[in-house]
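J.: One structure, pasted below without further comment.
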Amino acid sequence: MIKKYFDPLRMEKSLYEFWEKNGYFKPQNNKGKPNFCIVMPPPNITGNLHIGHAFQQTIMDILIRYNRMIGKNTFWQVGTDHAGIATQIVVEKKILKEENKTVQQLGKKEFLERIWKWKNTSKNVITSQMRRLGISVDWTHEKFTLDPQISFAVRKVFMTLYDECLIYKRKKLVNWDPVLKTVISDLEVKNRNVIGNMWYIKYYLVKNHSIKISQEYYLVIATTRPETLFGDTAIAVHPNDSRYKKYIGCYALVPIINRIIPIISDEFVDVNKGTGCVKITPAHDFNDYEIAMRHNLSIINVFTRNGKITDVIEEYDISGEKSCIYKQNVPLRFHHLDRFIARKIIVKELIALKLLIKIQKHNLAIPYGERSGSVIEPLLTDQWYLRVEPLAKIAVEAVKSGKIIFIPKKYEKIYYSWMNNIKDWCISRQLLWGHRMPIWYDKKNNIYVGLDEKHIREKYHISDDIFLIQETDVLDTWFSSSLWMFSSLGWPNNKDLFKNFYSTDVVVSGFDIIFFWIARMIMLSMHLIKDHNGNGRVPFKKVYITGLICDEHGKKMSKSKGNVVDPLDMIDGISLDALIQKRIKSTVFSTHSKKIITQIQSLYPNGINSSGVDALRFTCAALSTPTRYIKWNINRLYGYRNFCNKLWNASRFILMNLTHEVEPVKLILIKPMSLSDRWIVAEFHNLVKRYRTALDNYRFDIAANVLYEFVWNKFCDFYIELVKSFINSCSMLELKSTRCTLVYILDSVLRLAHPIIPFITEEIWQKLQVFVKKNDKNTIMLQSFPKYDVKLVNKTILEDMDWIKNIFIIIRSFRMDLKISHTTLISISFKNVSSKIHKLIEEHKDYIKKIAYLDNVSIILSNVDSMLFFKSYIVLGAELLIPYSKIFPKEKELKNLNKEISKIQLAINKLQQRLSNEEFIGKAPIHVVKKYKNQLQIYIEHKTQLCHKKLTMLRD
């Protein structure tokens with residue numbers, strides 16, 4: 001027998017072990033059935049899963065369970081990502097904190113061993129959290145992005161792209177993190193708006209490329225980065241700026257270093273910003289770099305890779321080749337100074353040289369490294385790049401032609417905007433952790449690319465006596481992630497898995513990585529994976545983009561804000577003190593602690609109650625609206641915990657009232673079926689139609705809402721309450737019909753709800769199997785999914801029952817208001833009845849009497865005054881009347897009327913007294929006087945109605 005109280009934590013672990021042990025998550029290999037595959041975006045091994053992971057994994061699991069139950073061969077590939085830079089930083093910090101050692105002190109070999117140890121621990125934590133969430137992935141094919149098979153696939157792809165001249169090495173401007181000493185992606189750069197300074201500096205004009213003009217002739221340059229002036233190679237003005245047109249083609253002198261540079265024109269210059277004159281420093285500003293490309297300017301690097309002033313400048317042309325147009329070196333006094341210290345000294349020298357005109361406060365967007373917190377430096381470095389323009393065309397066409405569909409469709413615009421302005425992708429990183437690039441050099445720096453050194457020697461015919469050394473850079477994590485759709489399916493070795501499940505059906509992702517992951521997967525997959533006609537195969541047919549889960553105030557979650565929601569806290573619950581300690585511990589800035597504590601105390605004064613996995617999953621489904629940002633709401637979680645309780649209690653009632661073996665699939669053949677039985681079956685099939693349509697259209701929020709509305713309002717609060725009212729007084733045939741209907745609906749609801757709330761549905765379904773004829777599949781997840789049957793949806797029954805339901809609710813509320821037992825018989829009448837409702841009442845009079853505990857139901861044909869009745873209600877097609885009786889006698893009602901009339905008269909007297917006060921009328925605002933007059937009129941009208949009712953009752 002089902003336990004009295006719903007206790008999700010008691011059953012979740014054992015149920016998941018039951019599923020996994022029996023291999024229910026594996027493809028079922030149903031011959032002749034279509035395949036359905038999802039490859040999970042691999043979580044980073046940097047720490048615990050957060051609510052965003054739980055949200056997306058719930059969505060994916062709903063899709064997998066739904067498609068499994070409709071008979072498809074489902075495969076859900078799972079794995080974790082090595083997350084190069086993120087993992088390296090986490091482990092570095094851990095070692096520094098625990099052992100006070102740097103990576104340099106530890107050594108490369110030992111450090112990598114520590115990361116692999118971290119990986120094993122972190123992966124176990126992550127996969128255990130996934131299991132807690134109930135996700136039905138095939139664990140027998142779990143992957144890691146640095147697994148040997150994946151690494152082989154990555155090397156093979158790199159070699160292929162290099163041999164096709166799509167990968168090349170070149171010196172270009174990149175986002176350089178001086179603390180991490182590596183190039184980072186745009187995704188890892190965060191701009192912070194700050195109030196900084198704008199320095200206005202004199203650049204003297206020169207004549208004949210060498211002679212300084214008198215000090216009256218100069219241009220004023222406004223800059224926010226005076227420390228970069230050692231790298232200036234031009235001054236730019238707008239071609240249509242009348243102030244500076246005459247200087248275009250002239251030359252100017254860079255302060256302190258005395259380099260002579262040209263004055264050029266470029267439409268990029270904003271005439272309204274600063275002075276309209278811009279110093280061009282191509283090696284340390286991305287906009288300046290683009291201007292240098294257009295005007296063939298020299299590019300001068302003045303910073304080292306740790307953000308200090310170099311002792312010897314590095315000069316290059318626009319192709320990245322070394323150049324030596326300018327001879328000036330950085331003055332000795334600036335060598336090896338940190339860039340921000342150099343800034344202060346340069347400003348002091350400019351003041352001493354009387355070259356600094358003014359300093360002005362200015363709003364700036366400063367680029368910071370998301371992981372290191374350091375100011376990012378645009379830096380000219382040698383990196384490896386992938387040419388993406390040839391790949392982008394076919395990827396754009398795949399979406400335009402409908403081979404790949406974005407859901408919601410609005411995200412196609414974001415995809416196109418990036419793809420149509422795409423630039424070559426920097427794929428190298430200066431890290432220790434990651435896929436080491438399959439590149440080798442000889443002593444002459446000749447480049448060789450292959451699967452490994454042995455393969456390279458064979459490929460390029462290099463003898464063993466020639467020394468080769470491997471490139472130290474690793475690949476950008478996004479490179480291996482972009483191959484995940486096919487590499488995780490065993491490509492190029494595991495032919496069966498790849499053959500059966502590629503292309504995958506849908507990828508679930510956030511809008512913030514459309515550029516960095518989705519687009520790149522499409523490009524590389526379609527370039528590398530071809531059909532028998534040589535056409536590119538899409539990696540997935542649909543892209544479902546979820547919103548970003550934010551905190552209760554709509555703010556993005558981050559550890560520094562102390563607002564990250566741990567899904568396990570929602571499942572298991574956590575005390576207020578433990579929650580505060582947990583979130584404070586994870587914050588980066590201790591100055592925020594007091595504010596964070598106050599917020600936590602306000603949001604969770606009693607901590608967080610245990611709600612179980614199903615409540616969390618239901619919340620995730622219900623929150624999945626097609627919006628960009630989604631507010632987390634703890635009250636929704638508690639509401640869906642109550643839903644699970646409701647379903648549990650309803651199931652318990654049904655199971656307690658079953659004594660005969662029934663077979664749900666034959667339910668509709670059992671006669672007689674009562675009106676309410678036929679109504680609930682019809683309502684259920686309407687639910688099936690709406691629910692499946694919602695799932696098929698990726699509207700999990702709608703699916704959750706219609707399921708909730710049916711189970712709570714129609715099945716539990718109405719149908720089951722009806723059954724309770726007559727189950728002990730009906731005939732055996734009626735009882736059998738009702739029991740079968742209860743089982744049919746419960747069994748069907750459990751199967752319908754299973755993709756969203758798998759644990760409670762499996763637990764109840766297993767208990768229900770004691771009373772029904774079993775099939776050979778011992779789990780609900782392999783049962784067939786309910787199908788819409790139009791033959792079971794009778795429109796007349798739905799309309800009739802909705803009308804009767806309304807009458808039932810009115811009478812139930814009436815009983816509750818007057819504290820009358822639901823078993824006490826009362827009488828009702830109807831007047832002003834339409835022909836349709838007249839027919840309905842006559843046809844179902846006995847049924848109405850039975851379910852509402854009525855002594856008599858009559859139809860009044862004469863035009864009697866409603867005032868003669870105790871209560872009257874206007875309903876569709878009639879007026880419902882409840883006559884006086886021994887339960888509510890006329891004398892008692894007259895007494896109540898007199899009390900009400902006296903009460904209203906007192907209110908009228910008070911208002912009339914106030915409105916007759918001339919002093920009040922003279923001083924009070926017009927709208928206040930008007931408000932009192934309106935109140936008086938309402939009271940007078942109400943009193944008139946009550947007096948009319950009293951007189952009518954006295955005359956009768």
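From the backbone N, Cα and C atoms, a Cβ is placed for every residue, glycine too.
Keep in mind that this is a model prediction, so the values were computed, not measured.
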J.: Ranges 21-31, 43-53, 450-460, 912-922: which does Swiss-Prot label motif ''HIGH' region'?
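T.: Spelled out, Swiss-Prot records motif ''HIGH' region' over residues 43-53, not the other listed ranges.
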J.: Based on DSSP, tally up the residues of the motif ''HIGH' region' (43-53) by helix, strand and coil.
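T.: Taking the motif ''HIGH' region' (43-53) as a whole: 3 helix, 1 strand, 7 coil.
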J.: Check the coiled coil (889-920) for me and report the mean pLDDT.
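T.: Mean pLDDT across the coiled coil (889-920) comes out at 82.
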J.: Can you break down the motif ''KMSKS' region' (556-560) into helix, strand and coil residue counts using DSSP?
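T.: DSSP composition of the motif ''KMSKS' region' (556-560): 2 helix, 1 strand, 2 coil.
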J.: How many other Cβ atoms sit within 10 Å of the Cβ of Lys559 (ATP binding site)?
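T.: 15, counting other Cβ atoms within 10 Å of Lys559 (ATP binding site).
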